[in-house]
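Student: Have a look at this one before I ask anything.
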Amino acid sequence: MISIKRLSSADTEFDKALSELLAFENTQDAKLEAAVADILAKIRTEGDKALLEYTLRFDRVDAKSAADLELPRNRLQQALHNLPGEQRNALEQAAERVRVYHEKQLTQSWSYVEPDGTHLGQKITPLDRAGLYVPGGKAAYPSSVLMNAIPAKVAGVGELVMVTPTPQGEVNDLVLAAAAICEVDRVFTIGGAQAVGALAYGTPTVPRVDKIVGPGNAYVATAKRHVFGVVGIDMLAGPSEILIICDGKTNPDWIAMDMFSQAEHDELAQAILLSPDLHFIETVAASIVRQLETMPRKEIIRTSLENRSALIQVHDLEEACEIANSIAPEHLELSVEQPEKWVEKIRHAGAIFLGRHTSEALGDYCAGPNHVLPTSRTARFSSPLGVYDFQKRSSIIQVSGQGSAKLGAIASILAQGEGLQAHAMSAEYRYTKKIALGKN
């Protein structure tokens, strides 16, 4: 059997119970923090030498030189060529859908000219180099390659460098095939905090990047947090989440399996169902019990559902949307009639899946939108990974002679009000000196 929390929004203690359910303290392990700091410091000072030492210690790969840790491009093509046709076709179709979607996100530089000839605008520039971390070994995450590499390529990033560990020399061909499809420029068989450090600081072999993206274990996540500021990072991700709003008319087995799809990630993942239909909630609960025993990862699912998940009865769909906005979930399914109507009421969610046939898993792999999403209620102020994460914006200001006089006078007054005399004089010189010299 399995015991999942049952809550009702009508209970006087509901807000407290919901807050306790959502609470996730991403505690920092002092030993882990110290270990990561030591690894990063050694990579920064010793470069390739430290990288080889850590690769031998953690991955048990005895490379003779750091250059041996880089895979040749033909190795990626070989992995793609050796894939079974069905797998290759699925990867290529998913990649194309992700590419088409992200091309819609491209923004262009823009400018305008004021009547006095002053030119103002914004220049869009892709990053010079980005780093992509991909878990390796038996854990195959080709979808992570697609979701992180394709937006970078669409943005026009100059060079994309991928790192992926190969424990005991075990190379994951699915990951390499995905890298080939995405035209990743360089691939290094390194992982852990040492790989993050190499990307952030650079070594004689591994080039320094401007931004690091991609998922990883606690060491990788901690290392990304440590190097943030030296380089950019995508986000600090918490456990996976799904919130399902259902009117009670969807097949309960579908809803139960959608909850499983997040719960199987890890024991801290969260799956919540909101429905005004109590009978439907009970039917979903029964489906969970019935289907759980068929799941290969049933113990992980069980722990997640028992400790961090809930079945919640709400007054109506209006209230369900209000609660959803409070939760700001990573994934939100609107399994209801007229989902287009209800999505207008949603303000905070990483990705919103509309209708009964739109399972969250489709978004994870091949629908097109990115699956790198804000977690832990950060969808209140954060967005999915996208092309814009690999672009920078620079302001363009070209003031005409006539504009200099007008703006200089304004700037001078404001600068003097702030007690910054040099600012004021810098603004004034552009037009007072012209007047004195009789120039236009």
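In case you wondered, yes, glycine gets a Cβ from its N, Cα and C as well.
Sequence annotations record features per position, and here Swiss-Prot assigns NAD(+) binding site to Tyr133, Gln194, Asn217 based on sequence analysis. Residues or ranges marked as substrate binding site in Swiss-Prot (evidence: sequence analysis): Ser240, Gln262, His265, His331, Asp364, Glu418, His423. Residues or ranges marked as Zn(2+) binding site in Swiss-Prot: Gln262, His265, Asp364, His423. Look at Swiss-Prot and you will find Glu330, His331 tagged as active site, proton acceptor.
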Student: Asp364 (substrate binding site) has how many other Cβ neighbours within 10 Å of its own Cβ?
Tutor: 17
Student: Within 10 Å of each Cβ, count the other Cβ atoms, then let me know which of the recorded positions Glu330, Glu418 comes out lowest.
Tutor: Glu418
Student: Under DSSP, is Gln262 (substrate binding site) part of a helix or a strand, or is it coil?
Tutor: helix
Student: When DSSP is mapped onto helix/strand/coil, what comes out for Glu330 (active site, proton acceptor)?
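Tutor: SS state of Glu330 (active site, proton acceptor) = coil.
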Student: Three states by DSSP: which one describes His423 (substrate binding site)?
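Tutor: Looking at the DSSP assignment, His423 (substrate binding site) belongs to a helix.
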Student: Just the number: how many Å between the Cα atoms of Ser240 (substrate binding site) and Glu330 (active site, proton acceptor)?
Tutor: 7
Student: Would you mind reading off the Cα separation of Glu330 (active site, proton acceptor) from Tyr133 (NAD(+) binding site), to the nearest angstrom?
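Tutor: Roughly 21 Å, rounded to the nearest whole number.
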Student: Sort the binding-site residues Tyr133, Gln194, Asn217 by C-alpha distance from Gln262 (substrate binding site) and give me just the closest.
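Tutor: Nearest in space to Gln262 (substrate binding site), counting only the binding-site residues, is Asn217.
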Student: When you tally the Cβ atoms that lie within 10 Å of each candidate's Cβ, which of the binding-site residues (Asn217, Ser240, Gln262) has the highest tally?
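Tutor: When each Cβ's neighbours within 10 Å are tallied, Gln262 leads.
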Student: What's the CA to CA span in angstrom from His423 (substrate binding site) over to Asn217 (NAD(+) binding site)?
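Tutor: For His423 (substrate binding site) versus Asn217 (NAD(+) binding site), the Cα atoms are 49 Å apart.
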Student: Between any two of Ser240, Gln262, His265, His331, Asp364, Glu418, His423, the residues recorded as binding substrate, what is the biggest Cα to Cα distance in Å?
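Tutor: Pairwise Cα check on Ser240, Gln262, His265, His331, Asp364, Glu418, His423 gives a maximum of 55 Å.
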Student: How many Å separate the two farthest-apart Cα atoms among the NAD(+)-binding residues Tyr133, Gln194, Asn217?
Tutor: 13
Student: Where the distance is taken from Cα to Cα, which of the binding-site residues His331, Asp364, Glu418 turns out closest to Gln194 (NAD(+) binding site)?
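Tutor: Closest by Cα distance to Gln194 (NAD(+) binding site) among the binding-site residues His331, Asp364, Glu418: Asp364.
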Student: Validating a neighbour-count step here. Other CB atoms within 10 A of the CB of Gln194 (NAD(+) binding site): how many?
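Tutor: I count 30 other Cβ atoms within 10 Å of it.
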Student: Rounded to an integer, what is the Cα-Cα distance in Å between Asp364 (substrate binding site) and Asn217 (NAD(+) binding site)?
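Tutor: Checking the Cα atoms of Asp364 (substrate binding site) and Asn217 (NAD(+) binding site) gives a distance of 19 Å.
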